[in-house]
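Student: Quick one: structure below, then a few questions.
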Amino acid sequence: MQQQHWNIVADLIHVGAWFKNRGIVMLNICLIVPLCVASLNGFDSSVLNGLQIVPDFKRWFNYPNSHEMGLMNSAQNMGALLALPLTPIASDRLGRRKALFIGSCIMLAGVAVQVIANNMQTLIGARAIIGFGLCFTTNAAPLLITELAYPTQRGQITSLYNSSWYLGAIIAAWLTYGTLNHLGGTMWSWRVPSIVQALPCVIQIVFVWFIPESPRWLISRQRDQEAIDILGKYHANGDTRDPLVMFEYTQILSALRMEREIYRQTSYLTLFKTPGNRRRMLIVIGIGLFSQWSGNGLVSFYITLILDGVGIKNPATQAWINGTLQIWNFIVAVSAALLVDKVGRRTLFLISNSGMVVVFAMWTLTTALFQTLGNVVAAKATIPLIFAFFAAYDLAYTPLLVAYCLEILPFEIRARGFAVMNLTVVLTLAFNQFINPYAFEALGWRYYLFYCVWLVFELFFVWHFLVETKGKTLEETAALFDGQEKIDNLQQVASIAAEQSIVAQQEHYPLQNRPRRRSFTLAEKSRDIPSTDDLHSLQNPTHDDLRLQETALAKGELADLGLRPYTPT
């Protein structure tokens, strides 16, 4: 458990290996269910890429032309586009779990239609239904993960969510490779991968009711006791008056009150009303756009055209390269996800974008040399450059696309803001999937030059606009664009509640029965968390009386919450 980047929460969290803490273990097992959504998304997005290599698939659908391929690949995003306005409503009004359940049911219906498809029109319709349901699940699942995860694991687990996309892509790539070799010549060479798509849907439909709801959503619906029970069970091994639980609950409640003072009524216009929100949405839309317009879409959906362009046309060889690439992507993305709290989000983005600029320029050069001069050596060099490019891409855009966008959005606009990010991704994907085949056919390697210029712009954007968020709670990160004053208020209010609980534990628990933390002495605690008696002495002497008034408000808010030292019965 990494603590060195956490200041106020550092004295409240579990110390030691997370797998020795029963509550955290149970919580992480529960989070496997929403984590499956990204793997399902990866499988669904990649399965057609693999099936386009399978001769039986092409034969069954009468050798689709470039126009039909573009429509077939973009149908899923068309369905998602129709669902996008509804997904934040479902997540905010019905809850994260119910929205996840609804999306999984719709997807299961779409998979059934895809399996029995006998013509291109039916297949396109099935893809649209799958996209419609997938939009619900991809909105609800990451919200549930980021709002439920243990504080010091939130960054890593939310980053692992999108990184697990490649796990589904790996299964899709190697499953189609296996069916190509063992079921070739039959319709099952392409229908078996379609049938496997149903398994994650069934898992989510059955097990979603066995995982807890988001405590932040529960508090927003005035179901505070349920939220406290969940925080206590999974973050403090059942102790609902644990200092960490008091800290989290008070900070969540205070953040919601602050947000509701600003956003009396929320709508999509709220996303752009304040300067802080406008900067948030600029980053959210920018990252969503860059995640698909960095050149990765060229390989993700049209690897056959890429490999054909450098002289690799054997279907088995193409399938092998595709499968190996997905494994490589998964390894790099998971490794980067585990580094987000050590290296930092902004640093990973800068390294990622710098690497893509350099490698993509080299990729463009090798492709141009082969297509214009027939240089075979250059063609062979293209393959390792593709792997190097995706290594750079996966350092940031795979793990942090979802994680970074969610953590900078306050709760009241999180679902809607995330829907706008998904809308950006869907529109960009639709453009890529429909335009790329025509651009390849008309421009060849010259089409790569557009991405070379665009990647330089991305690097400038990341350097200028992105801020570092490591070492902060979800509420503190969400308040980053509203000024340090709000972050200080959130920290003070939550710290007082945590200190009251610590005092109670010191008075009523024997030393050997206290939860294991770095320290329980008030002398050390006062260095990180201001006590109710010493708040004045901890003020910055350059601040005026406004800071003292804010402290008084913090104390008053605690009194309104009815927080008192816990006395065991």
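Cβ coordinates are placed from backbone N, Cα and C, and glycine is handled just like the others.
Pulled these from TrEMBL:
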DOMAIN    30-470  domain 'Major facilitator superfamily (MFS) profile'
TRANSMEM  99-117  transmembrane segment
TRANSMEM  123-145  transmembrane segment
TRANSMEM  165-184  transmembrane segment
TRANSMEM  190-211  transmembrane segment
TRANSMEM  282-307  transmembrane segment
TRANSMEM  319-340  transmembrane segment
TRANSMEM  347-370  transmembrane segment
TRANSMEM  382-406  transmembrane segment
TRANSMEM  418-435  transmembrane segment
TRANSMEM  447-467  transmembrane segment
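I would like each feature placed in context: is it buried or exposed, what are its neighbours, and how far apart are things?
Tutor: Sequence-distant contacts of the transmembrane segment (123-145) (same chain, at least 6 residues past either end, Cβ-Cβ under 8 Å): 31, 34-35, 37-38, 40-41, 44, 48, 61, 71-72, 75-84, 86-88, 90-91, 96-97, 99-100, 102-111, 113-114, 117, 157-158, 161-162, 197, 204, 211, 213-214, 402-403, 406, 414-415, 418-419, 422, 426.
Among residues of the same chain six or more beyond the transmembrane segment (190-211), those with a C-beta under 8 A of the stretch's C-beta atoms are 30-31, 33-34, 36-37, 39-40, 43-44, 47, 50-51, 54, 56-57, 60, 97, 100-101, 104-105, 107-108, 111-112, 114-115, 130, 137, 144, 168, 171-172, 175-176, 179, 183.
Outside the transmembrane segment (319-340) by six or more residues, the chain places 46, 49-50, 53, 155-156, 159-160, 162-163, 165-167, 169-170, 172-174, 176-177, 180, 299, 303, 307, 312, 348, 383, 386-387, 390-391, 394-396, 398-400, 403, 470 with a CB less than 8 A from a CB of the stretch.
When Cβ-Cβ distances below 8 Å are used as the criterion, the transmembrane segment (347-370) is approached by residues 290, 294-295, 309-311, 336, 339-340, 376, 378-379, 381-382, 385-386, 388-389, 391-397, 399-400, 445-446, 448-449, 451-452, 455-456, 458-459, 462-463, 466, 468 of the same chain, each at least six residues removed from its ends.
Residues 142-143, 146, 155, 158-163, 165-166, 283-284, 287-288, 290-291, 294-296, 299, 306, 310, 312, 321, 325, 328-329, 332-334, 336-337, 340, 345, 348-349, 351-356, 359-360, 362-363, 366-367, 370, 414, 417-418, 421, 466, 469 of the same chain lie 6 or more positions beyond the ends of the transmembrane segment (382-406) yet place their CB under 8 Å from a CB of it.
Within its own chain, the transmembrane segment (418-435) is flanked in space by residues 70-71, 73-74, 77-78, 80-81, 84-85, 87-88, 135, 138-139, 142-143, 268, 271, 281, 284-285, 287-289, 291-293, 297-298, 301, 401-402, 405-406, 409, which lie at least six positions past its ends and keep a Cβ under 8 Å from the stretch.
Tertiary neighbourhood of the transmembrane segment (447-467): same-chain residues 279, 282-283, 286, 290, 293-295, 298, 345-346, 349-350, 353-354, 356-357, 360-361, 363-364, 367-368, 404, 439-440, 480, selected by CB-CB distance under 8 Å and a gap of 6+ residues from either end.
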